[in-house]
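Quick look at what TrEMBL lists:
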- 3-77: domain 'Cation-transporting P-type ATPase N-terminal' (DOMAIN)
- 81-97: transmembrane segment (TRANSMEM)
- 245-263: transmembrane segment (TRANSMEM)
- 275-299: transmembrane segment (TRANSMEM)
- 674-695: transmembrane segment (TRANSMEM)
- 747-770: transmembrane segment (TRANSMEM)
- 814-836: transmembrane segment (TRANSMEM)
- 848-866: transmembrane segment (TRANSMEM)
Amino acid sequence: MKRYWNMDVEEIKKELETDDKNGLTQEQANERLFKYGKNVLKEKKKKSIFSLFIEQFKDYMVLILIIASIISFFLGETIDASIILVVVILNALLGTIQENKAEKSLEALKKLSQPLAKVVRDGKVMEVEASSLVIGDVVLIEAGNIIPADGRLVEAKNLKVDESVLTGESVPVDKVDTVIENENIPLGDRLNLVYMGTTVTYGRGKFIVIATGMDTEMGKVAGLIENERNVKTPLQLKLEELSKYLGTAALVISAIIFAIGVLQKRPAFDMFMTAVSLAVAAIPEGLPAIITVTLALGVQKMIKKNAIIRKLPAVETLGSTSVICSDKTGTLTQNKMTVVKLYINDRKVNVKEDEVKQEDYFLLKNAALCTDAFIDEEGKGIGDPTEVAIVAALNDLIGLKKADIEKEFPRIAEITFDSDRKMMSTIHVMDKEDFRLITKGAPDNILKRCKYILKDNKILPLDEIEKNRLSSINEEMGKEALRVIAVAYKDIKEIPKNLNSDEMEKDLIFIGLIGMIDPPRLEAKHSVEICKKAGIKPVMITGDHKITASAIARELGILEDNDEAVTGEDLDRISDEELKERIKRISVFARVSPEHKMRIVKAWQKNGAVVAMTGDGVNDAPALKQADIGVAMGITGTDVAKEAADMVLTDDNFATIVAAIKEGRTIFANIKKAIHYLLTCNLGEIVVLFIATILGMPMPLKPIHILWVNLITDSLPALALGFEPPENDIMEKKPRQKGESIFAGGLAYRIPLEGMLIGLVTLIAFVIGLKQNIETARTMAFAVLTLSQLAQALNVRSDKSLFKIGLFTNKYMIFALIVAILLQVILIVTPINTIFGLRNINVYDWDIIIAMSVTPLLVMEVVKFFKKQY
Ligand code: ATP
């Protein structure tokens, strides 16, 4: 690589044929993208559909079936052998389709959370996908960004970058935009370069891209990155374990049936085939795939509801969330700020009703100079809403444009805003040699740094009494739910080289206060209500003043009579033990720094809670990682916060978190329904064969019947359960406890009971059919086994009566049932029946089949009635 750190900007511009002001033209960018490729780290090759299909045959149960089919073939049972093979192939196809679908939706998810980069092209600032950056592009970065490519800085304002991913150095590096003379220096010392994958922790900057994709330093060390395709959720892992136990149990039972059958002198080969088919049918091998598909489906539904899941296990955890710690601004409120009150010179000004005087101009002008916001040509406010409100007030109240006053008093330096200091400062040229430092921020913090106050154009000392008075005016405004910003200034003679907050932001002259309203989001109140019903505690966390925060929290129903509101300062005084006890009562945390969020999450977790925590800034990342569900803001959130989060809200809305929790609960409930369904069906099959063997009856089902039933019922209807709509009361139950068994909530009794019922009705149909002949009996048993399992799919849809939830509320289920019933009927009434050893039966037999098939469903309706689950 060229030694870009030794070159000055002009050389680099020439070398890379670009311009640091206007950037590349879009045409140049397109050409370079075409020529040099995308700015991405290459991933290892993905599995093809074919290899997914082949993988299906690695399952040892499938291998046993293939062996069974080969044995049948050699014993002359060609038809059986072929049917088994067809079943195996159909099964593999189904597995491939399911896995492919799940993988596709996960991939789509990954695409959605791809980072964007701010570039200058054709002289305009625009956002593009980071993957489309090319060499020569001019990129803007600010705190919270993950740097999208390697580059040479042409502007660095207080820029600090955490390069630990590359250099291992955990202290952020101060970056510069000047030439570095040394030729041979390690990566970490090239202070005017930035590298892909490192993060901006402070300040802002502008760089020219010098390397992209695999040519970046990151590309060189990372090599090919693993494709994270096999992230398994705790439930999936648990179920894999369960499947193993159930599989072993199925094998043992099959072996017992085989042994008893042989002892009874039944043909050994027939018994072997029966045992193998039973084992194959009884092992819930389809379960993991069905769960993955259900999770993936849920994830897609969540995208439509503005929640992007970044880590699959989050879907599951979401359902058990018991506390939501949410930022206030923008999440619970609209983040549309409007200045409504001013306070200056002992005067309270209600901007709608009162006259705006010359002294108010001074307040607004200074405040507006100390912002990064502006109003664009179309009249749209660009920048932080707090600052947009100030610039808009300047425009609307006194008809001044920020750009004009900035021309008059150009900004030459700044100390950027951070949520720990809760203030920011800018330095402007007033006269040739006079400069002005303007500071604006949280009134309590600003007052601490003020020594004087401006009154009637005179600078007077600011004593404690006056400070207290100003604090109470600030609180009064807070009670009206206003966000209050204080503005102060001082004139200085020179600008120190190192701008340091403690040295600069002191001995200030207080000018006044600006109060702005940020109305709560309309939907937030309703969502808070839902949370309360669902046993989820909503908690507000904000950098804003306690009184402002409490006023809004009360309006939203978050803060109720017996709840507490505490500040970051209070938190610093409370021990971890005390916090653990008190936290259950605290509904508002105000004036907190991102560091406090970590303590809040941990205190709740010590109480056994499952915590969702929102965040947007760089410093929020540790708390987002610590939380059970880290939630990042899609619009205002930084790359770093998004990277650390499990879920990203594309609309930054509290209501979306609640909607996602509902979806999470639904997904978990649906997975439980699928498990319930598959286990009862399998148990039913075991009961039939086990009882028939013990009683010395002829075998009610042939091996191919068992395989067929398994194919029909384990596929479409089981998948359709994943589409079940949420039950009406899903948000009226308490959250699921951490570590709660999958069989909690009645499954432990329902599975054995319903499995037995299915087995019994099948046997009864068989015994009735036996009065005619064995083929009729088998046809009836086969039909009842399939149809009662299909009816069971309706039964497991809810703890409540089918009539209560509505028969037609899941159209996928109706479709699945119609297809399955049609296939079954075709098998029985068409000539194919002879292949399966079946025969056409009369209407009377069909009546019995139907009656038997719906009996388990009806019995369970009665049980549900008596359990008052109507
Ligand atoms: P929340 O945590 O609810 O989202 P927030 O993000 O607004 O609140 P911060 O951004 O940390 O919290 O702001 C904390 C305080 O800092 C605000 O109450 C305000 O007084 C002050 N403040 C916010 N934005 C600015 C700004 N651009 N310039 C100066 N001060 C600001």
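Heads up, the Cβ atoms here are built off N, Cα and C, so glycines get one too.
Sequence-distant contacts of the transmembrane segment (275-299), counting only residues of its own chain at least 6 positions beyond either end whose CB sits under 8 Å from a CB of the stretch, comprise 59, 61, 64-65, 68, 94-95, 98-99, 101-102, 105-106, 109, 233, 235-236, 239-240, 243, 246-247, 250-251, 253-255, 257-258, 261, 309, 312, 315-316, 663-664, 666-667, 670-671, 674-675, 678-679, 682-683, 685-686, 689, 703-704, 706-707, 709-710, 714-715, 718-719, 721-723.
Taking residue pairs at least 6 apart in sequence, the transmembrane segment (81-97) and the transmembrane segment (747-770) share fewer than three C-beta contacts under 8 angstroms. Same-chain residues lying 6+ beyond the ends of the transmembrane segment (848-866) with a Cβ under 8 Å from its Cβ atoms: 750, 753-754, 757-758, 761-762, 764-765, 768, 780, 783-784, 787-788, 790-792, 794-795, 799-802, 841. Listed as Cβ neighbours of the transmembrane segment (814-836) (distance under 8 Å, sequence separation of 6 or more from its ends, same chain) are residues 79, 83, 702, 704-705, 708, 712-713, 716-717, 719-720, 779, 782-783, 786-787, 790, 793-794, 807-808. Long-range neighbours of the transmembrane segment (674-695) within the same chain, counting only residues 6 or more positions beyond its ends whose Cβ lies under 8 Å from a Cβ of the stretch, are 239, 246, 250, 253, 256-257, 260-261, 264, 274, 278, 281-284, 286-287, 290-291, 294, 701, 706, 709-710, 713-714, 717-718, 721-722, 742, 747, 750-752, 754-760, 762-763, 766, 781, 785, 788-789, 792-793, 796. Look at the domain 'Cation-transporting P-type ATPase N-terminal' (3-77): DSSP puts its residues at 47 helix, 2 strand, 26 coil. Per-residue pLDDT, averaged across the domain 'Cation-transporting P-type ATPase N-terminal' (3-77), gives 84.
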